[in-house]
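Taken from TrEMBL as is:
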DISULFID  211-232  disulfide bond
DISULFID  310-331  disulfide bond
DOMAIN    46-158  domain 'Ig-like'
DOMAIN    165-260  domain 'Link'
DOMAIN    266-355  domain 'Link'
SIGNAL    1-15  signal peptide
């Protein structure tokens, strides 16, 4: 035993042992530059805390938005340390992340569609907020703010929601003709994207009642019912969102629920005494320095700009519609909404045009 104790003391005195601090040391995990010299990160005894907003952050298409994120140490470590900040966009089910931005000090890199539109705001000590400019429809969703200090790694999630409108869409071919990928495309063609469940639920809470099932962004098929009735799930079911669950994205066919947000420009109406064909309507918009409006743009102008017009007009998809904010005689039903004449193969109407401001 004395010989063993002596050998142990000699080993410690030699300086070849690893220092011991607060019960932890880490070796060969970080900062190994392959030169056979051990780089050691030591636990500093402070707890890293990351916090974002508990409430959703609301914005709209084309705006600038800041997603708040702050971090701190318990206890406080004093002067700011050089840490790594990473922002990611999550799927609704948290199963996959899209890299948005990483930053170390004043050096940062944005990825994908966020290049040139995102940066880290570090206006105060321990701030890691994300600034997104020119917000786009698909920016809606949950974002993770992750702060990495050596081996310490903490994160929190903030929800960005765009103010917008959900509208059901059927193509000219009729009801239930779209698989999931076609539904994505028709919404994009109308200046919109496939709605997510939160957006559909919000629209339902604001009064949307639609008995035809449609695709959502997560590949499920659902529809909102305010007034239960026999063809729409039965009279004995409570009002709510009816769901078919996930469907096969190639084989199954339904309608689509599209989502559009506020506009950067304006929608206006043009007409001639004798009306116009669809091709004449497109040319009239071009002559006015505009383009024929899409369905999503008409819905947005109705909801956000108060567009109210009791005259039917062509839209880019070949449909004929008109928006009513104040219901009145000879202008359709007693509720506000966008009225539709479908897709007439012939006829002469006015036209709704869209022009950027």
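Each residue, glycine too, has its Cβ placed from N, Cα and C.
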Take the C-alpha atoms of residue 331 (disulfide bond) and residue 211 (disulfide bond) and report the distance between them in angstrom, rounded. 23
Cβ density check for residue 310 (disulfide bond), other Cβ within 10 Å (all protein chains) comes to 15
Between residue 211 (disulfide bond) and residue 310 (disulfide bond), find the distance joining the two CA atoms and give it rounded to the nearest Å. 25
Do me a favour and check the Cα-Cα span between residue 232 (disulfide bond) and residue 310 (disulfide bond); whole Å is fine. 30
DSSP helix, strand and coil counts for the domain 'Ig-like' (46-158)? 6 helix, 62 strand, 45 coil
So if I draw a 10 Å sphere around the Cβ of residue 331 (disulfide bond), how many other Cβ atoms end up inside it? 15
